[in-house]
Amino acid sequence: KLHSDLDKGVGTVKYTLSGDGAGTVFTIDETTGDIHAIRSLDREEKPFYTLRAQAVDVDTKKPLEPESEFIIKVQDINDNEPKFLDGPYVASVPEMSPVGAYVLQVKATDADDPTYGNSARVVYSILQGQPYFSIDPKTGVIRTALPNMDREVKEQYQVLIQAKDMGGQLGGLAGTTTVNITLTDVNDNPPRFPKSIFHLKVPETSHVGSAIGRIRAVDPDFGKNAEIEYNIVPGDGGNLFDITTDEYTQEGIIKLKKPLDFETKKAYTFKVEASNLHLDHRFHSVGPFKDTATVKINVLDMDEPPVFSKPMYTMEVYEDTPVGTIIGAVTAQDLDAGSSSVRYFIDWKNDVDSYFTIDATEGTIATNELLDRESTAQYNFSIIASKVSNPLLTSKVNVIVNVLDVNEFPPEISVPYETSVCENAKPGQVIQTITAADKDLSPAGQRFSFKLSSEASNKPNFTVHDYRNNTAGIETRRNGYSRRQQELYFLPVVIEDSSYPVQSSTNTLTIRVCRCDSDGTIQSCNVEAIFLPVGLSTGALIAILLCIVILLVIVVLYVALRRQKKKDTLMTSKEDIRDNVIHYDDEGGGEEDTQAFDIGALRNPKVIEDNKTRRDIKPDTLRFPRHRPPAEDNTDIRDFINQRLKENDVDPSAPPYDSLATYAYEGNGSVAESLSSIDSLTTEADQDYDYLSDWGPRFKILADMFGEEESYNPDKVT
């Protein structure tokens, strides 16, 4: 309520209200000054309002007092329940944890005013989940309430938590949430075999390394706490087997380490131990975390292939041994209860295997061809043995045959076969040391001896000194040698080996006499050098050779130029007597044009009788000579032109254009007589050109020209 001291109660004062919520939340009676709330208030929405009030004169509208400000506070009531903003919760705690082990802390919030009354004081309690867990009423911390909770018994727990305000008193508001608690695993259980004895049956043909059976120990733990390691306890038969762990199923996989044989041993018994890999020291007092079981394996009898007495056979034979000689034998047996006979044969892979044969029943191996150690020193092939009762069951063994050497090749001189001696050599001088080589496989301690042949031992030129270490020296026996007298010496050397039978060979050593300086350095060994002047040096010889080469080049060039010049002269003379047929795209210059024909044809009338080819084109086909009848003296030029016209008409190589040949030769003895009009008794008007039309299409233009002149000549008498 607002009231002014100037208000006398006669209605002259008016009250106004402004500020937060004026007119919407609060209203004022203008006459009495009473303030009313026109809607519900919520402290959690707005805890207070700031308003301004003023008293004004009703008539003048002027303020009677200064404006005053006041605050309206909203008083809280318990109208909000506690809420778990982070719920529902998920938590975990290790199994076998002691009482009071921390699990989780929950928290509820109350929107009411914590400073006014108990509206915001929250108390926690468990509605569901006892007696396994407990909660602190004030802090909301959840802890274990029972000891040794076992995950293998129960893993999941759902706890219902309540938060109530007003300190938990009657009439307080409450909120709830759920907490899902999981017991995590610890290694508190050892592995256990479900049975004490495992029986397995294994065929004796099982391959080494193959899995022959599985056993399993059960561990109720989870994850790495359930990982199991299996081991074979040393004992009877355990050395033939091995065991590993399947990482997915945690089963023990028993594998074969060595081959089984039913005929040798039919059953094996050993123990297998299963233990955890990851141990928890808190549970050592429970007992050993391992278990033991017995495994009995029965070997099953199977039909097996034959077994060779050796894993590999090695034999020896001398080369050139006669075909059919037995060099050894292989043996295989059927070890099964019902023993079967065995058959042998060679595993053919290439042509090398054809050098030997085997007896199918006895297994003896013999040569099938002559052997040569120098060609092949060792043979390697396979023998297959199969059971007669079951040919599909086979076994294979490798056979190595070493070919032994027989002394069949004589020793020979190793390179070089040629040496030299100085002209100024002294007696007893070693000019070459020689060695020997033998194609045979030389045994240890092989010795070679060297000596001169009997026919050379009497000659006083050279001798052989055997050093007794498989080498020998060639020594001189004369004081100096002359190239002019003898340039080459041929020394026969006999070499013998120490094998049986003894082999020997005679080898010829070529010795060339050379010119040397005083130190024994060879200067020249060519026989041509004997006849050269002593004073000429190498540079002088090179200069002489260069001069000779230059003279030869000059002579060759001169001869080539003379040939070329002679060839050009012949070509020119030949062209003078050939017809020169030229075609034009326009009309020629008449008799003055003497460049387009060969005037030599008129100067020598006999030329027209020769067979000539055209010079303006290259003939594509081979043309046979054209035989023209000799032109008789005093024949008309018309007959001659007709003859040439016919020849050109039937000529397949003639070009498809008109060719006009002009003949301008004048003089006595011409076959065509004179073609000049100076001595002619007739005039141009007396000439008849109708015959041009009979010459064919090539003279059509010429016939039309002269025919028109004749038609329009006014002086012509018809």
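Using the three backbone atoms N, Cα and C, a Cβ is placed for every residue, glycine included.
Any TrEMBL annotation is an automated prediction that lacks curation.
Note that the structure is a prediction, hence the values are computed from the model and not measured.
If you check TrEMBL, you get these features:
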DOMAIN    4-84  domain 'Cadherin'
DOMAIN    85-193  domain 'Cadherin'
DOMAIN    194-308  domain 'Cadherin'
DOMAIN    309-413  domain 'Cadherin'
DOMAIN    413-531  domain 'Cadherin'
TRANSMEM  530-561  transmembrane segment
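Note on the domain 'Cadherin' (309-413): DSSP counts are 5 helix, 48 strand, 52 coil. Applying DSSP to the domain 'Cadherin' (85-193) sorts its residues as follows: 3 helix, 45 strand, 61 coil. Looking only at the domain 'Cadherin' (85-193), the predicted model's pLDDT averages out at 88. Secondary structure of the domain 'Cadherin' (194-308) per DSSP, as helix, strand and coil residue counts: 13 helix, 54 strand, 48 coil.
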